[in-house]
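**Q** This is the structure I want to talk about, given as structure tokens.
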Amino acid sequence: MGKRKSKRKAPTKAKAVMPLDTQFNCPFCNHERVCEVKMDREKNVGYISCRVCSEDFQTNINYLSEPIDVYSDWVDACEQANNA
């Protein structure tokens, strides 16, 4: 009498992680992909500026921060300024 064959599952493939954007739409001039983020990890400051209308913003960052975090802080600061 023979032993039953065991069925082995195929190894799962790792899903590719899409990189996050570093260029965003400007909330002031409404141009697409003109705001560029620069992260200064040594000084813990994130800079974002628009190449068209020259608007800029800077905020404090930490070791977990990504460019999208700087952009969202900028949009939140714009909304607070409009509501105040």
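Keep in mind that glycine also has a Cβ here, set from the backbone N, Cα and C atoms.
Take a look at what Swiss-Prot says about it:
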BINDING   C26, C29, C50, C53  Zn(2+) binding site
**Q** Could you name the residues, excluding C26, C29, C50, C53, of the same chain that surround the Zn(2+) site, i.e. Cβ within 8 Å of the Cβ centre of those residues, in sequence order?
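**A** Close Cβ neighbours, site residues excluded: P27, F28, N30, H31, V34, C35, R51, V52, S54, E55.
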**Q** Tell me which residues of the chain lie with their Cβ under 8 angstroms from that of C50 (Zn(2+) binding site), as long as they are six or more apart in sequence?
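**A** Counting only residues 6 or more apart in sequence, the Cβ neighbours of C50 (Zn(2+) binding site) under 8 Å are C26, F28, C29, H31, V34, C35, D56.
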**Q** Long-range same-chain neighbours of C53 (Zn(2+) binding site), Cβ under 8 Å, sequence gap at least 6?
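**A** Within the chain, C53 (Zn(2+) binding site) has Cβ neighbours under 8 Å at C26, F28, C29, H31.
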**Q** I need the most crowded of these binding-site residues: C26, C29. Count other C-beta atoms within 10 angstroms of each C-beta and give me the top one.
**A** C26
**Q** Could you say whether, by DSSP, C50 (Zn(2+) binding site) belongs to a helix, a strand or a coil region?
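**A** In the DSSP reduction, C50 (Zn(2+) binding site) maps to strand.
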